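Accompanying notes for the structure given below.
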Amino acid sequence: MALFRQFTLSRRLNGVEERGEREESPGSTHHWMRQRHVDNRRTGDLCGYFMLTDTNFVLGNAQIVDWPIVYSNDGFCKLSGYHRAEVMQKSSTCSFMYGELTDKDTCEKVRLTFENYEMNSFEILMYKKNRTPVWFFVKIAPIRNEQEKVVLFLCTFSDITAFKQPIEDDSSKGWGKFARLTRALTSSRGVLQQLQPTVHKGENVHKHSRLAEVLQLGSDILPQYKQETPKTPPHIILHYCAFKTTWDWVILILTFYTAIMVPYNVSFKTKQNNVTWLVVDSIVDVIFLVDIVLNFHTTFVGPAGEVISDPKLIRMNYLKTWFVIDLLSCLPYDVINAFENVDEGISSLFSSLKVVRLLRLGRVARKLDHYIEYGAAVLVLLVCVFGLAAHWLACIWYSIGDYEVMAEDRKTVRTDSWLYMLGETVGSPYRFNVSGTGRWEGGPTKDSVYITSLYFTMTSLTSIGFGNIAPTTDGEKIFAVAMMMIGSLLYATIFGNVTTIFQQMYANTNRYHEMLNSVRDFLKLYQVPKGLSERVMDYIASTWSMSHGIDTEKVLQICPKDMRADICVHLNRKVFKEHPAFRLASDGCLRALAMEFQTIHCAPGDLIYHAGESVDSLCFVVSGSLEVIQDDEVVAILGKGDVFGDVFWKEVTLAQACANVRALTYCDLHVIKRDALQKVLEFYTAFSNHFSRNLLLTYNLRKRVKNHTKAIHTLQDALT
């Protein structure tokens, strides 16, 4: 029995691992519990079979009469044409696929191989569900547990019809030999493809995070609503289209660039003699000019929430709001300042007008409004605001110092100014009449002055103030007082928000640890046995790692009924898409069913059903593996896409479970109660008939499997 539970834990029976490792929760309990399960997942050489994606196989229980099939992978179901529910509990000799042309001697050899627990291989003619004859190469291998007892038979199937003589059946009589061979080859083209290297198209497909899916709102997230696109003239751009969104982000970045460069150029009175910077600023001006043109052709949202696409209304709205500011911000001031013969007064005027560009930050604030709900975005925004404020104040601080360090005629200098003392400190002092002009000249470089100004404003805003740079003039002192007041407000706002953000970031972690402590105290108070306590802690840790502490029911209760139904349809979409029984269901029927479904997460070892319990639910396996145990024997292994429970719609009485259903791995089950299902089926009578005909239970817990152990063989082994 140990081998049954070991080899299915990895759930690689279909050649693809059904579930990766669960994300560890904030505590270390889940990590320890998960490691305990990982230590038990030793499969030996058997894993080599299951990792092959092109293997078609069934597993049979060697301890039960007729060696019933307890698992068949998707490859075998596709190859044989049978549904998994149709082959479960049938003999793993696959005698149900025998036909009139199947060789009797080969059938006997297969039976003897199972009887004697031998390893063997055969070429045998069998029939698919549609009675198409196919040649199979069958390999039979007994699997032993730690006590060297055969507990399983692994039977693999390969289609070799293309390499055998054409089959003589009624449909091929009278055909020429070449024609029959052609038919055999073309009907088995899949075999030739299997012999070639398999390329898995889905291996490199990037798996989007949940956040990316929610932000993109793809077709698989939202219900299939038929939205009517607003009819707009050809030259009008929708304000929410992809192009306009990308363009707005470009303008956003350039606005931040402007907010940094404009105060610096105005304060330091720089002329863009550097061709590179002149070209960059000119490109920025051109982009701002193009933005004005686009804004004259972009829709906007009216007061009543409607999309305004009338060109005349768009132009009037833009002219009344942002046109003047945008126009002033895109004038080529830097190009004018670059000319050498421009009067200094006009140059200063143009430099001052560039400050108007900072009004664009109002438009930036409107866009950032959408991201205030994200803690990380707020944190980055606050840091940017703090740095931008320090940069602006540093530029003003230098402007005051530069204005007061020398008189207007530049013939006197203030030796107590911080600029004068900085020049003496860095070795670039102010000198009188160096070039014969009779004025004070020189001083520290602009880079050194800016770094020092930024250092002073940062220390003042953060209330540190080392005192090595101090205001001396009245203007500097007044500015320092104002800066300290602004700094105290910024300091309180930013760090208060940072504290709140970090508390929110760790709120779930704190809630998780509080819950764990409460559960530990409960288990200790009522002296719950150690084994059960470990199961409880493992379940809580694994459930938290999957749900992150989100109460789905609480979230759904917030939404209105219509929206709640849409969300439930999305949450159960895998069940509705995988099972043909739901294909003809109307939208109303699917919504009614989805509202009744519940999602259950199971940890390894959890029992979903105990033998003797009432079977009051229909369970759909979405991921993971489970085993069905009857009289201490595994009679079925269930995986993704399987259904177990009872056929409530065909039975009058409530059934008792004839077996235990235990989770082998972490499982996600979508469950609907008996009463809820019958209520929906009674209302939607047309769907009820289709549902009852097409839903196949992989395992019916009402029915008991014939389970007689092989006492005869055991007695024979003892006698020999």
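Indices start at 1 and increase along the chain as displayed.
Glycine too: its Cβ is placed from the backbone N, Cα and C atoms.
Curation does not apply to TrEMBL; its annotations are automatic.
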In TrEMBL, one of 125-143, 353-371, 448-466, 657-675 is tagged transmembrane segment. Which stretch would that be?
448-466
I'd like to know the mean pLDDT over the domain 'PAC' (120-172).
85
What are the DSSP helix/strand/coil residue counts across the domain 'PAC' (120-172)?
6 helix, 30 strand, 17 coil
